[in-house]
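K.L.:
Take a look at this one; I'll ask things after.
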Amino acid sequence: MKELLPMEHVKRFSFFILFSFFSFLFPLLQSQDLQTYIIQLHPKTQITSNHHQWHLSLLPSSSRLLYSYHTALIGFAALLSPEEADTLRACPEVIAVRPDRRLQLHTTYSYKFLGLAGTAESPGAWPRSNFGRGAIIGILDTGVWPESPSFSDRGMPPVPSRWKGSCQIGENFNSTNCNRKLIGAKFYSKGHRANAPEAGTAALEYVSPRDAHGHGTHTSSTAAGAAVIGASVLGAGIGQATGMAPGAHIAVYKVCWFNGCYSSDILAGMDDAVRDGVDVLSLSLGGFPLPLFEDSIAIGSFRAVERGIAVVCAGGNNGPVASSVANEAPWITTVGAGTMDRRFPAVVRLANGRLLYGESVIGFSKIGGKVPELELVYDNRGNRGAEFCFRGSLSKSKVKGKIVVCDRGVNGRAEKGEAVKEAGGAAMILANSEINQQEDSLDAHVLPSTLIGFAQSLELKSFINSTKSPKARIIFAATATTGKSRAPSVALFSSRGPSLTIPSVLKPDIIAPGVNIIAAWPENLGPSGLSEDHRRSNFSILSGTSMACPHVSGIAALVRAAHPGWSPAAVRSAIMTTADVLDRYGKPIMDGVEPAGFFAMGAGHINPSKAMNPGLVYDIEPEDYVIHLCSHGYTKSEMFAITHRIVDCHDTMKKNKLFNLNYPSISVEFNKGQNVILTRRTAMNVGKNNSTYFVKVRQPNGVRVRVEPKRLSFGEINEKRSYRVWFVSRRKEKREGYIEGEIIWVHKGEKDHRVRSPLSKVLVIAAAELGVFTTIRLLSSGLAEEDLFDLPRIQLNSLDDRIFNQNSQVGKFLHVLSSGLAKEDMSSLPTIDFISVEARPDGSNWKEKEV
């Protein structure tokens, strides 16, 4: 205790110095541009019991403070100049200073496709979970349109007594807009206002929880919307629209605006959601992969999971590019998108009699079922972007009264239709490019339209180019069709693994319906989402991992309602180990023309009914994630940024030499010269007493997998049993890529209890073998040159990227600096100027300060 008083004086003095500096500097910097930064603080340095006052004490003006964070992160968001940010970085009480980051927003049938109701013989997830009654789902998105029938509270139970949230009053929104279904609504705009220009946004936004974009209304109703009979998009897809957990409550946190979603606003929303008492957090937003210690969603969600909240995030829409998956922290359930077997046929009949299959959601009764035969126009000979149908690029004299062919890509799909309509076109054929192949994401276009696949677009263009006066008509089906196509399959746009940040964890975790999802829509916005669209519909159709995410969020709420004592990890385990890898025809789920791999579909496609009763689960405590991060070579300050605790990784790993993260999937990396890997898992019985499971292994090519023991017997519920898995590589030097298999634990008496873990094996090629570098200088490293070639993976995307050796207790990494390596040495990395290797015995790197 005697040492605390001097230290307290030191802390107060350092803050006084900092405040005095800002007070002096502020007048000099008033004319400079300020930008938003997120400042993470060490909680033990707090000099006042009031967080808000503490944060204000660090700033030259109270108007600079945007948010004070209390739960999702200890710190604040503020407007600073670059010089002020650098000054804060040098302060020992400050853990990190990060610029605000702008992120992007990444059903009348899906509940039937997923079998939520079940049958008389086999009850589905709804009756088993009482429709999710009592669960609370927090949605971070663009807000909500509370008058939508999907948010009716008819038949809803009272608001749970544990709920601490509120309904925030704002523009065209008051407390009466909340009810027993929509129990909370708040908005966060300070980061957006500080970063985005105000011009042009006032007419488009509500400064309140009210949704002006539709995305949040759509995702909220998908997760937990009430049943609405007769829902459709302008007459298409008519049926009953129902959320995944229709008995659950919804709390909306509006963090996304006209210019996207800023991490300062997202953290503020997460901060409140954790304190308000949600059970599940659903985030249909994100960006490109970032190191976890720089990822606000990863940092905020760790705190949420610590408090027992399941966090579900969209994996991103950057597929089919490898390693494009985002939101890949191991405590987040990362969701990819899959298709359903519902189709909206809209066939193009060419004048020569050929039929080109297409799809459209257009409101069939409005146009009489077909477009008359009209002349076709495809203008790809100019340089104004006419082939993409940019606004103003189409010649009215060429397209008036004709069917216009528009290439997909560059600008929005719905925007292309508006451009054709403005130019006087009668209809549009949207033609997929090679990258889109046969992917069929539909929109509520403003004129008769159809979307055709790449193969059909080639035939169409060949017909146009070889015919003097090419003509065609579009024939629309009277109703949507179901059950006539293979499904599910992986959506082409769904982001793929392996994870750049944590390659030892298989991502994405799961896929769910994310293509052509019909859900609630605001009344002030046309179903196309365009301001020029004056049609109105209570529902619209969207595609993306944004739509897949709330499916999983809602189903997680069902599992949680059925098993209220389960941890977020147990809920995710139940969803992953019961996932389907076969489609409705009993054939492998496809990814284009090939069977889907685990880096495309994760554990498989979600099966809600099976997830209610998985038999076994793999549980993970928050402390386990800490140990796992230590095994990846993170420094003390990086560990603190993620976990909000001081961690001595050297001591932690010494105490946990045999540790393996108890993840439901198993992903191993073979480094150069490594032939054998041993990993462990612990299964917990959540099925019946006196249960026995036997193991089945689908062996990966080139790797022999051995599991011991081969039988797990459980006497009671919640009893745990561990097993070991050996991976023995049969091809020592063969340059393989990704190899997959699976382990399945089958219940002795109940064959339906099949607990499946996907296996993925990565053979890592060292940098020298890839020929990336011909020469490398080692500066102040103390590393032998052969140590460099032990580095397992090259992941250089920016000037601050680092690569950690997963199997080294020395924190070896590559660091990119602006200095002069010869150009010929960098032919494979043209944007990188210099590479150095640094290491310290304690595993920290020389640029990091101690916590």
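Each Cβ is built from the backbone N, Cα and C atoms, and glycine gets one as well.
So TrEMBL says this about it:
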type	residues	note
DOMAIN	36-106	domain 'Inhibitor I9'
DOMAIN	132-583	domain 'Peptidase S8/S53'
ACT_SITE	D141	active site, charge relay system
ACT_SITE	H215	active site, charge relay system
DOMAIN	375-458	domain 'PA'
ACT_SITE	S546	active site, charge relay system
DOMAIN	660-759	domain 'Subtilisin-like protease fibronectin type-III'
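I would like each feature placed in context: is it buried or exposed, what are its neighbours, and how far apart are things?
P.N.:
For D141 (active site, charge relay system), the same-chain residues 6+ apart in sequence whose C-beta sits under 8 angstroms from its C-beta are L105, D211, H215, G216, T219, S220, V252, Y253, K254, V255, C256, L283, S284, L285.
Counted within 10 Å of its Cβ, the other Cβ atoms near H215 (active site, charge relay system) come to 24, all protein chains included.
Mean per-residue pLDDT, taken over the domain 'PA' (375-458), amounts to 89.
Using a 10 Å Cβ-Cβ cutoff, S546 (active site, charge relay system) registers 29 neighbours.
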K.L.:
Go ahead and report the DSSP secondary structure tallies for the domain 'Subtilisin-like protease fibronectin type-III' (660-759): helix first, then strand, then coil.
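P.N.:
Taking each residue of the domain 'Subtilisin-like protease fibronectin type-III' (660-759) in turn, the totals are 0 helix, 59 strand, 41 coil.
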